[in-house]
Amino acid sequence: MKGSRIELGDVTPHNIKQLKRLNQVIFPVSYNDKFYKDVLEVGELAKLAYFNDIAVGAVCCRVDHSQNQKRLYIMTLGCLAPYRRLGIGTKMLNHVLNICEKDGTFDNIYLHVQISNESAIDFYRKFGFEIIETKKNYYKRIEPADAHVLQKNLKVPSGQNAETQKTDN
């Protein structure tokens, strides 16, 4: 698709309805009003994706302080089916990864993926995410209800450096 433009734009009170509509079409789960209220507060961690000026996807994240770590949780990252495999998801995920890299204080980035969503699992694996656990009955009212937790570590564990990791093989 030569000449096509992929851009990311802020989520604002003026376009939050677009985000709601996209999420209703893309995801098998419903998000409540609190989700959308919170999305308006996260700034650069929520973006609409535009393909030639048409909103076709979105990414919404939040900072999570759990397990004595600073983590970034990808609440949603998705794109309308006809616009998949055009680099839109990659642009959204790279945006989030760049934020984490610039910040420098995140330990990891993680998300939940329905166990049957092999294309999403493959997508995240290309970026270095790994399945770290499977949560039984994570989803309500959708089948399969189980979700994989995918995580990408952003910091080398303390006490290790690149040299010791190489020699441990």
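Cβ coordinates come from backbone N, Cα and C, glycine included.
All protein chains included, Y73 (active site) registers 16 other Cβ atoms within 10 Å of its own Cβ. Swiss-Prot lists Y73 (among others) with the feature active site, giving similarity to another entry as the kind of evidence.
Per Swiss-Prot, the feature active site maps to H112 (among others); the stated evidence is similarity to another entry. In the three-state DSSP assignment, the secondary structure recorded for H112 (active site) is strand. Sequence-distant neighbours of H112 (active site): residues of the same chain at least 6 apart with a C-beta under 8 Å from its C-beta are K135, Y138, A147, H148, V149, L150.
Taken from Swiss-Prot, the feature substrate binding site covers Y31, M75, and the record attributes it to similarity to another entry. Over all protein chains present, the Cβ of M75 (substrate binding site) has 19 other Cβ atoms lying within 10 Å.
For L77 (acetyl-CoA binding site), the count of additional Cβ atoms within 10 Å of its Cβ stands at 24 [all protein chains shown]. Residues or ranges marked as acetyl-CoA binding site in Swiss-Prot: L77, G78, C79, L80, A81, P82, Y83, R84, R85, L86, G87, I88, G89, T90.
DSSP assigns R125 (CoA binding site) to a helix. According to Swiss-Prot, the CoA binding site annotation covers N117, E118, S119, A120, I121, D122, F123, Y124, R125, K126, on the basis of similarity to another entry.
Taking H, G and I as helix, E and B as strand and the rest as coil, DSSP gives the domain 'N-acetyltransferase' (6-155) the counts 49 helix, 55 strand, 46 coil. If you look up Swiss-Prot, you'll see 6-155 marked as domain 'N-acetyltransferase', on the strength of sequence analysis.
Look at Swiss-Prot and you will find T12 tagged as phosphothreonine, backed by similarity to another entry.
Around K34 (N6-acetyllysine), no same-chain residue at least 6 positions away in sequence has a Cβ under 8 Å from its Cβ. Taken from Swiss-Prot, the feature N6-acetyllysine covers K34 (among others).
Less than 8 angstroms from the CB of K37 (N6-acetyllysine) sits no same-chain residue that is six or more residues away. If you look up Swiss-Prot, you'll see K37 (among others) marked as N6-acetyllysine.
According to Swiss-Prot, the phosphotyrosine annotation covers Y110, on the basis of similarity to another entry. Long-range C-beta contacts of Y110 (phosphotyrosine), restricted to its own chain and to partners at least six residues apart, with a cutoff below 8 Å, comprise R71, L72, Y73, I74, F129, I132, V149, L150, Q151, K152.
Around K140 (N6-acetyllysine), the same-chain residues six or more apart in sequence whose CB sits under 8 Å from its CB are V29, listed in sequence order. Here Swiss-Prot flags K140 (among others) as N6-acetyllysine.
Each residue in the region 'Substrate' (138-141) has a pLDDT score, and their mean in this model is 91. Sequence annotations record features per position, and here Swiss-Prot assigns region 'Substrate' to 138-141.
Of all the recorded positions listed here (T12, M75, N117, I121), I121 has the Cα closest to the Cα of G87 (acetyl-CoA binding site). In space, G89 is the closest of the binding-site residues M75, C79, G89 to F123 (CoA binding site), judged by Cα positions. Counting only residues at least six positions away in the same chain, the Cβ atoms of L40 sit under 8 Å from the Cβ of T12 (phosphothreonine). Contacts of R125 (CoA binding site) defined by a Cβ separation under 8 A and a same-chain sequence distance of 6+ are given as L150, in order along the sequence. Proximity of Y31 (substrate binding site) to non-local residues of its own chain (separation of 6 or more, Cβ distance below 8 Å) is seen for K20, N23, T76, given in sequence order. For Y83 (acetyl-CoA binding site), the nearest neighbour among the listed binding-site residues (M75, N117, S119), judged by C-alpha distance, is S119.
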